Amino acid sequence: MMRYTVVRGGLGLLTVRRAVLSPRFSHSSPRSEYRPIKKVMVANRGEIAIRVFRACTELGIRTVAVYSEQDTGQMHRQKADEAYLIGKGLPPVAAYLDIPNIIQVAKDNNVDAIHPGYGFLSERSDFAQACVDAGVMFIGPSPETVRKMGDKVEARSLAISAGVPVVPGTDSPISCLQDAQVFAETYGLPIIFKAAYGGGGRGMRVVREYEELEENYQRAYSEALSAFGNGSLFVEKFIEKPRHIEVQILGDKYGNVIHLYERDCSIQRRHQKVVEIAPAFQLDPHLRNRLHTDAVNLAKQVGYENAGTVEFLVDRNNKHFFIEVNSRLQVEHTVTEEITDVDLVHAQLHVCEGRSLPELGLKQDKIRVNGCAIQCRVTTEDPARGFQPDTGRIEVFRTGEGMGIRLDSASAFQGAVISPHYDSLLVKVIASGKDLQTAASKMSRALAEFRVRGVKTNIPFLQNVFNNHQFLHSTVDTQFIDENQELFNLKPTQNRAQKLLHYLGHVMVNGPTTPIPVKAKPSSIDPVIPPGTMGDPPIGFRDVLLRDGPEGFAKAVRAHQGLLLMDTTFRDAHQSLLATRVRTHDLKKISPFVSHNFSNLYSLENWGGATFDVAMRFLSECPWKRLQELRALVPNVPFQMLLRGANAVGYTNYPDNAVFKFCEVAKENGMDVFRVFDSLNYLPNMLLGMEAAGAAGGVVEAAISYTGDVSDPMRQKYSLDYYMNLADELVKAGTHILCIKDMAGLLKPQSSKLLIGSLRDRFPDMPIHVHTHDTAGAGVAAMLACAEAGADVVDVAVDSMAGMTSQPSMGAMVACTKGTELDTGIALEKVFDYSEYWEVARGLYAPFDCTATMKSGNADVYENEIPGGQYTNLHFQAHSMGLGNKFKEVKKAYVEANKLLGDLIKVTPSSKIVGDLAQFMVQNNLTRAEVEERADELSFPLSVVEFLQGYIGIPHGGFPEPFRSKVELERGKILHIKALALGDLNKAGQREVFFELNGQLRSVLVKDTVAMKEMKFHPKALKSIKGQVGAPMPGKVLEVKVEVGSKVVKGQPLCVLSAMKMETVVNSPVAGTIKAVHVTTDSSLEGDDLILEIEE
């Protein structure tokens, strides 16, 4: 690459306010009259309008914008000092081509000069002449020069006269298709059609096959007519794989012309520039000089004034060919400004006023190149779908900035609506550096910082371009994109926050979509309260607790003759069977009966984490009020709750003082026994919970979570020694009661005898309580074995709420121990009455009953070790995720997920982690080996990541390796979301939902599914039906080429769509007969709207 020395000294005048410049500057050329500009109108829109407004403001010039009816909300209208509507009632593009209206607005508002921008009227000589005729200065070349340069054929002739080589082509615009056919036959294919009166890729079509000639002629003519108001075309021989090099020129009214070096615009798609570089990379110095010389000579020959660009093609032999002059400012003028430090818009304004280039300090020997600049155009085009334009509302817009980055934009802001009527450009990003590689690095960094949500963009594609080895280290030609298909290997964006907002918005507008796997309706029969005794209830173990304190209570439990029972019906039973949905109302109704007839229960388990969660989220109840009301109705039986150690009743570690205060308030409101556990048996977490419960004055019951099988010598991770050592630590810590929490129901009779017998031998004075689930159906046998081995208390649920994933049957335990030394002292007939109440009450919760998805227990729990409280929920979740028919696979995956995570103790929240990973594996069809192999690239559920980060403690045996090291433990990605409001229904059947996300206002548009049923919309094409043809992109129908009954062949053109000034032909996907046509000319379509139906 050529090295240049930067010289900036002579260019400072361009950025000084106009008042500094005065007529005292003199030069040899005859002076033109100096006419100061006080007010400028830009006859354009979007980014270029704002670019000119900024330059005018810097020079103290007042600005005027014009806008179409469709551009009412566009930014360029707001950036100007004044703004006026043009083209009322006209189509969107036609509004900006309405010369009489634009001139009238300029005259009515005392406009001194009009800047045409680029596109639209910028190369229309009749517009330039209309400005002059109206006494308004045209910021650009003279009308005659615009005419000569705009007529591509005449421009070719002038180039030939100036000795500039040209590509073989027609001498004048062709008048019909036959002219094109003659040219093709004379020079051979490929050829290219070009708009005679405009550029920018509009009206340009390459023809490689004779069969394509007519269609491409029609499309080029139509595009040129739409974009420039004139469909005239000329034809050239198409040069294969050239470099596209253009030279920036600047002339004044006195015959001075300079160049500001060249730009490489070879990276193109459909003849539209995507990336521009200045200066051209690795360009032969001699060729560079010839390009500059030819450009200046041609400009001088036509008396060119103001800014313009001379464009060339350079073939593989370094031969250059003139193609056209763009007599206007180019989209890519920015890169020239960055490397030369010349503000081209300032220069345009000064030249228009009558200043000379030398007067402005612009002499050829003073112009130097400093480094390299790259521009890319961020557009709303989807590279994954052939760069189809995308439309819609920008929900999020965040740019990349920093040193070496310049942004020129207009329509890119949060809330902007991208329509199909105009160019797809969102923002121009310009990066500058000492060389190409440095500038490309800055560009890549800036693009990575962009966040655009709501519409598709080409940013992933551009990022691939700037990381491409050929682009960075070699030259590229116009076939670069077509020949580098790896550019289309697009990295998907995560878009986590916006996806979450859309989901939340959908729930707010349409309600939850989680399907209930059954259509069971609640029973209409209310349960009848069994007859009972009035008056004060008998004395129970709570009276002992209140009298003797926790230590005395523990001694009384140990000294009790017979087996004590804890009834879980008030919590864990209905958590396991009815998704914790039982209301306080139904618990209160049966409470007096329990108080009077089951006063000899060890405790009632009636509170815990799931109680809090469901009461507040689904039942709209206060869990504290439930505790207070039940306490008043059952004063004699101790209440027991689950305390998840440092998690309290939540799912994450809380500050120590919060756990202490929670226990204190729970005790004050009626709680007695705190069963403290940790999902990983992590001792530090358990000790905190024990200390908090003890400080509150409660009974501390330390619970060891059980997994594995102590009677199986092949499974020794959780061996008998493991449990005995843990029990030693808990007894030393001062627990009042020792509990074994068998949450999956894995205790078999043999392992029960071994574990409980060993504990009883080591701790003869310590009360032992055993909790289990009856998933396998062996719960009663296991609990009898525990009682015989020395357990003081076992858990049961009343018969109609027992079995399956709940606890063993109360009636069965009472009957089996009756008349033995383990006799519970409970009347069996009272159990029957109690059970009858719950049998009817259970019918009230039929939609949540586990029997909706499972009909019996299952001994496979000994293999998968799924906790009873989770088993039902997991089954329900599988149905809601569409995996109901794969629950067997989910259970098998649960086993593999548990192994992946190192064989965990599984109880809330660790069981949820295993369950989440299992469902993730089934949903994504992953084996254990595949998860291990791809751990560094998979997006795991958050619960799995947080577990591996140590959020819930350290598992026995440590974290699984190398799995843990391979998982990306992303930190610091916390989204703070607050729902604010719902908007009114719009014409599209949508409501705007407003949120506050991380302190910033965000909104999403959500379809109101109920309201849309009452509204009429264009039907969508069903992709599953082969003959239904849908719109490949949003746009307007220009032409329908078939009618009902027409016979078509596969690939035959059916209709033509226009979007963002580009035309697309929709071809037939199948051969057949047109059955129905759903559009007409000028129909506006959204993506996938049904165009027509074909019957094969």
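Start at 1 and count along the chain as shown; that gives each residue its number.
Any Cβ shown, glycine's included, is placed from N, Cα and C.
Taken straight from TrEMBL:
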ACT_SITE  ARG328  active site
BINDING   LYS152, GLU236, HIS271  ATP binding site
BINDING   ARG644, THR908  substrate binding site
DOMAIN    563-832  domain 'Pyruvate carboxyltransferase'
DOMAIN    1026-1095  domain 'Lipoyl-binding'
MOD_RES   LYS741  N6-carboxylysine
MOD_RES   LYS1061  N6-biotinyllysine
Given the recorded positions LYS152, GLU236, HIS271, LYS741, which one's Cα is the least distant from that of THR908 (substrate binding site)?
LYS741
From the DSSP assignment alone, can you count helix, strand and coil residues within the domain 'Lipoyl-binding' (1026-1095)?
0 helix, 39 strand, 31 coil
Between ARG644 (substrate binding site) and LYS152 (ATP binding site): CA-CA distance (Å):
80
Considering only the recorded positions ARG328, ARG644, LYS741, which residue has the minimal Cα-Cα separation from GLU236 (ATP binding site)?
ARG328
Report the mean pLDDT of the predicted model across the domain 'Pyruvate carboxyltransferase' (563-832), rounded to a whole number.
93
Within a 10 Å radius around the Cβ, which one of these recorded positions has the most neighbouring Cβ atoms: HIS271, ARG328?
ARG328
Other Cβ atoms within 10 Å is the metric here; tell me which of the recorded positions LYS152, ARG644, LYS741 scores highest.
ARG644
For ATP, with binders LYS152, GLU236, HIS271, what's the maximum Cα separation in whole Å?
17
How many neighbouring Cβ atoms, not counting its own, are there within 10 Å of the Cβ of GLU236 (ATP binding site)?
22
Looking at the recorded positions ARG328, ARG644, LYS741, which has the shortest Cα distance to HIS271 (ATP binding site)?
ARG328
Around the ATP site (LYS152, GLU236, HIS271), what further same-chain residues have their C-beta within 8 angstroms of the site's C-beta centre?
GLY169, ILE192, PHE193, LYS194, ALA195, MET204, PHE234, ILE323, GLU324
So if I draw a 10 Å sphere around the Cβ of THR908 (substrate binding site), how many other Cβ atoms end up inside it?
21
Cα separation, ARG328 (active site) to the residue listed as 'N6-carboxylysine' (Å, whole number):
81
